[in-house]
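Engineer: The structure under discussion is supplied below as structure tokens; questions concerning it will follow.
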Amino acid sequence: MSEKLPFTTPGPEPPRRRTTAWWSLIPAALLLAYFHAPSFTFGPEPSPSASSACRQVDPLLPTLTTSSLSDLDRYLDTPKFRNETVARLSGAVQVPTESFDDYGTAEEDARWDKLYAFSDYLAKTFPKVHANLKLERVNKHALLYTWQGSDAALKPSVLMAHQDTVPVAPTTIDSWTYPPFSGAYDGQFVWGRGAMDCKNTLIGILESVELLLEADFAPKRTVVLSFGFDEEISGLRGAGHLAPVLIERYGKDGAAVVIDEGSGFDSQWGQVFALPGTAEKGYIDVEVVVRTPGGHSSIPPPHTGIGILSELVTKIEAAPYEPELIPGNPYLGKLQCGAGHAPSFPSKLRKLLPADETKVCKRKSDRLAKEAAKAGPAVKYLFTTSVATDIIEGGVKINALPERVRVVVNHRVNVGDSIETVKKHITEVIKPVADKYNLALDAFTSDPEKPSSIILKDNDKVLQPAPVTPTSVEGATPYSILSGTTRALYGEEVVVSPGIMTGNTDTRYYWDLTKHIFRFAPGYDPESDEWKGIHTVDEKTSVKGHINTVKWFTGFLRNIDEADLE
């Protein structure tokens, strides 16, 4: 099938048998063993309203097939493909593509030019993609591939990933099990920086397209691959340039669907959930500056600028945001799915769930959010605006009173809150302290800093919470296609639910391109702990999960191509 790479195949390939679709390779009995769990019922008293609010679609199989596509389906389960995909992903990890916060523009900063080695690797590794798809370089290093469909009236599908990775701290290299750019394979995982975030997704997408080309698949719906190169430092140079090109080319709401990296699978309440991200929290850093008179520290005031700033930090941390689950928050959707489908869903949460989330009583919603937040910070901050004081600076010399001190407070803004809400909240917290010390308060203006004042500022990284992606499964919708593809691959034991992460992705630039944006990592391996290594020592990805990524994208592209979207 694909070009054979120099990797040893352990044993002969199994005999090829006729199949009708790639996901039919997974019989129901094996799926039960795959998840190491019994077949679940809905529990003693499932909530009918919750179950209807989380209606599951049937597994979706492509109806159009050929002998070549059937061969492809079988090939994805062979040792030969496993070795080839390991080699491709390992090779990608071996090309360093770190991005650093101090990098300049792509045109002016030569440090970006290391990305040429990565794009050269992609061209060598995926010859059919580069022979059949149109490749455009946007802002020098962003890669935009177009697989032109036969029906120009159909909106395109857009698959995203990013080429760059977070850096490897030199002081941590000795702590890695395998060198961070080795791409080592231990029989279960490929190890190294970018293996999980997110060269696995990028390589998986390209592998899917390469294999579909080899099987002579010709899409009706145009497929766009959009790969930025600076997502880890906000994405402005990569996705920030790619998205305007696509919006100009296809128009506002001109794409059928966008899929980017994101949340994956989770086992909770006795149930496995697939959690495509349907929203993102907002983002704002608030800089708090305190200006006070200087002087000799042998004659200090009752509170120096540092003392006042310390009081401000204490006040800010003493006024956290309350958990809130508004209609449309993806975690409320997950609770509905848990109540309808999970056997061990907590009875307290079930009683607090609204029968109709569009008519939820705020008092009951607040009680539900507070009860759900008891699961811990990792859950709580999926539906709570977070506040973290990350930077503090002040003072230049012993024996000299500080004249300017500052902190930077990071906020991840909950779905339902806004940047304006955050600005109002922190201003109200700080005003009594300003009044107490007779300091002027300058909140979010562009005026120059004045002596004897407290100044609040934001920066150019302000981001409102993302629009919530529709999750209707009535008819053929992007969400129903995604759900059906997922349940076809992993079985009906998996419940597909709206999901959300606490971080942000490059999709922030694509909001005008489509309402149907999903942040989803479709490759699942229940035996993997790969998420623990993201952005830190021992990053790795499961090969089983990676193969499932390739299976998922090949299935999704075929399903979305056949869909008559509502």
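Any Cβ shown, glycine's included, is placed from N, Cα and C.
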Engineer: The Zn(2+) 1 site in TrEMBL includes Glu232, His535. Which of Asp174, Asp186, Asp197, Asp285 is also listed there?
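Structural biologist: When TrEMBL describes the Zn(2+) 1 site, the candidate it includes is Asp197.
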Engineer: Hey, TrEMBL has Zn(2+) 2 bound by His162, Asp197. Any idea which of Asp77, Asp101, Asp260, Asp266 it lists too?
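Structural biologist: Zn(2+) 2 site check in TrEMBL: besides His162, Asp197, the record includes Asp260 out of Asp77, Asp101, Asp260, Asp266.
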Engineer: Write out the long-range same-chain contacts of Glu231 (active site, proton acceptor), meaning residues 6 or more apart in sequence whose Cβ is under 8 Å from its Cβ.
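Structural biologist: The answer is Ser99, His162, Asp164, Gly238, Ala239, Thr505, Asp506.
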Engineer: Reported as an integer number of Å, what is the Cα distance between Asp197 (Zn(2+) 2 binding site) and His535 (Zn(2+) 1 binding site)?
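Structural biologist: Taking the Cα atoms only, Asp197 (Zn(2+) 2 binding site) lies 8 Å from His535 (Zn(2+) 1 binding site).
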Engineer: For the Zn(2+) 1 site (Asp197, Glu232, His535), what does the 8 A shell look like? I mean other same-chain residues with CB within 8 A of the CB centroid.
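Structural biologist: Other same-chain residues near the Zn(2+) 1 site: Thr165, Val166, Cys198, Ile534.
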Engineer: Please work out the number of neighbouring Cβ atoms within 10 Å of the Cβ of His535 (Zn(2+) 1 binding site), leaving out its own Cβ.
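Structural biologist: His535 (Zn(2+) 1 binding site) is surrounded by 13 other Cβ atoms within 10 Å.
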Engineer: Given the Zn(2+) 2 site residues His162, Asp197, Asp260, which other residues of that chain have a Cβ within 8 Å of the mean position of their Cβ atoms, reported in sequence order?
Structural biologist: Met160, Ala161, Cys198, Thr201, Leu202, Gly228, Glu231, Glu261, Thr505, Asp506
Engineer: Pick out which of the recorded positions Asp164, Asp197 has the most other Cβ atoms within 10 Å of its own Cβ.
Structural biologist: Asp164
Engineer: Quick one: give me the count of other CB atoms within 10 A of the CB of Glu232 (Zn(2+) 1 binding site).
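Structural biologist: By my count, 21.
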Engineer: Take the Cβ of Asp260 (Zn(2+) 2 binding site) and count every other Cβ within 10 Å, whichever protein chain it belongs to.
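Structural biologist: By my count, 26.
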